[in-house]
Amino acid sequence: AASRLRLSGLCFLLQILNILFFAVFVRYSPDSSAGQCPWQLNCSRRIQDSGFQQPRFQDVHIQVLLSFGLLVAFLGRYGPGSAAISILIIAFAIQWALLIQGTLYVFLNGKIYVGAQSMVSADFCTAAVLISTGAVLGRVNPVQMLLLALLEVILCTLNEYILLSLMGVSDRGRSLTVHTFGAYFGLMVSRVLYQPHKDKRKREEQQDMGQQTDFFAVAGTIYLWIFWPSFTSTTTAHNNAENWAVLNTYFSLVASTVATFILSPVLYEESTPRMVQIQDATLAGMAVMGMAGEMLVTPFGALIAGFLVGLISPLGFRFFMPILRSRLKIQDTCGVHNTHGLPGILGALLGTLLTLLATADTYGDRLELVFPLVAQGSRTVTYQALMQLSALPLTLLLAALGGWLTGTVLKIKRLRCSPDAQSMENTVFCEVKLGNC
C-alpha cells in the first residue's frame, strides 16, 4: 500500500507542477519564416513549424511510444509491467523535456514558445531516458524510474545544448545525444545500484533471456524498420538533405540484420537467431548512422558500417556483457551497451572521419545544410572534425557524472521497494523490481 501511495503521490505532484509551469511559461509559437526568426532562437538547428510536415512528426512520436516503449519491455518476466511503466515515463518525460529544452532554446520575454518541432525534440530526449531505463529494468521500481526521468531530462538537455548549440556539432540523428548518452547514463546508474544476487535469481534471469520469440521484440522490431529512418531524418534542414539520412539508415539497417544471421549461429546453438537478437542488430545498425547518416557515407559505406556493427553487437552480448557483470559490477538488463552505447560511439567516430571529407567539391550545396559553419567560412574542416571528436568524451563524461548522481539519489533507502513486496508477483511493482526484493 505504501508503494502504491508513493507512486500515486509522486505522479500527482509532478503533474500538478507541470501544469503550473505550463500555465505560467508555455505559449504556442507563432508561425514564422526563417527571416522572422528572433536572434535568440537557434533557428539554424531547428525546423520552422511553418514548413514542418505532420507525417514526420507522427513517425517520430510513434517510434518513441511503440518502438522504444516495447524494446525496453522485451523480457518475458517484466513485459506487461515494464510496458506500462514505459508509457508513464514517456508521458512525464515529454512534458518535462518541453520545459527544460524550452528554457535553454526558446525562452523569450519570460515565456517558452513551443510548436511541433519542440515536441520532436522532447521525443528525442525521452528516447534517451527509455534507453537508460533499459539498463536498470528489473532493478528499480516505478517511483525510482520517474525520478530517473526527472534528473536525466535535465542532464540530457544540457548535453545536447552544449554539443549542438555551443560547440556546433552535427549530430541530427543523435548518435551521441540520444544513444551514447542514454546508454552510459543508464549503465552508471546500474553500477551505483549494484547489489549481488543469489544464484537462484541469476538462473531465473538467464532463463528469461533465453526464452523464445517474444511478442514485444517482434512488434518493436517491425516498428523500427518502418519508422526509424524518419526518426533519424526529422531534424534535417531540408528534404534534399533528408534523403541521404533515410537511405543511409536503410542501407545500414539491412546489412546489420544480415550480419546477425551470419554470427548468431556461430555463437549460439541455434540455426536461426531469436527475434531479440534481430531486434538488437536493427538498433545497432541504425544507431551507427545517427551522426553520419546525413553525411557523405555513400551506399556501400553505409552497408559496410551496418555490417560491422551488426557483428560487434552479438559479440558484445556473448563476451563483453559477462565482463560488465563480473568485473565492473554493471547489470545491463536489456543490453543497451551493445545496442546503443557501442554503436553510438562508432557512429560518432565515423561521423568525425566523414567530416574531414566535407568540402564544397564533395558536398556541393549540401555543405551548408550539414556543416553551416564550414560553408560560411567560420570554421575549417579540421576544426569542425575536432569538435565532432571532442563531443564524444564530453558526452561520456556528462553521462557518467549524471548517472552517478542519479544512482546516488535512487539508492536512498526510502525509495526502495519494501521486503514484503516480494510475494506480489503479478503486480507492476514486482514486475519491475529492485535488486534483492
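Just so it is clear, glycine is given a Cβ too, placed from its N, Cα and C backbone atoms.
The annotation transmembrane segment is assigned in TrEMBL to 7-26 (among others). Counting residues 6+ beyond its ends, the transmembrane segment (7-26) has Cβ neighbours under 8 Å at 88, 92, 95-96, 98-99, 102, 110-112, 114, 141-143, 146-147, 150, 429 in the same chain.
What TrEMBL lists as domain 'Ammonium transporter AmtB-like' is 55-424. Mean model confidence of the domain 'Ammonium transporter AmtB-like' (55-424) amounts to 82 (pLDDT, 0 to 100 scale).
As annotated by TrEMBL, transmembrane segment applies to 60-78 (among others).
Residues or ranges marked as transmembrane segment in TrEMBL: 85-108 (among others).
Under the heading transmembrane segment, TrEMBL lists 120-138 (among others).
According to TrEMBL, the transmembrane segment annotation covers 145-164 (among others). Using a Cβ-Cβ cut-off under 8 Å and counting only residues 6 or more beyond its ends in the same chain, the transmembrane segment (145-164) has close neighbours at 7, 10-11, 14, 42, 45, 85, 88-89, 92-93, 96-97, 100-101, 104-105, 124-126, 128-129, 132-133, 136, 171, 176-177, 181-182, 185, 189, 391, 394-395, 398-399, 402, 405-406, 409-410, 415, 432.
Taken from TrEMBL, the feature transmembrane segment applies to 176-194 (among others).
For 215-232 (among others), the entry in TrEMBL reads transmembrane segment.
Taken from TrEMBL, the feature transmembrane segment applies to 303-321 (among others). Within the chain carrying the transmembrane segment (303-321), a Cβ under 8 angstroms from the stretch's Cβ atoms is held by residues 251-260, 262-264, 267-268, 277, 280-281, 283-285, 287-289, 292, 297, 332, 335, 337-339, 342-343, 346, 350, all 6 or more beyond its ends.
Here the transmembrane segment (342-363) has long-range neighbours at 170-171, 173, 175-176, 178-180, 183, 283-285, 287-292, 295-297, 305, 308-309, 312-313, 316, 370-371, 374-375, 381-382, 384-385, 388-389, 391-392, 395, meaning same-chain residues at least 6 beyond its ends whose C-beta is under 8 angstroms from one of its own. What TrEMBL lists as transmembrane segment is 342-363 (among others).
Residues or ranges marked as transmembrane segment by TrEMBL: 383-406 (among others).
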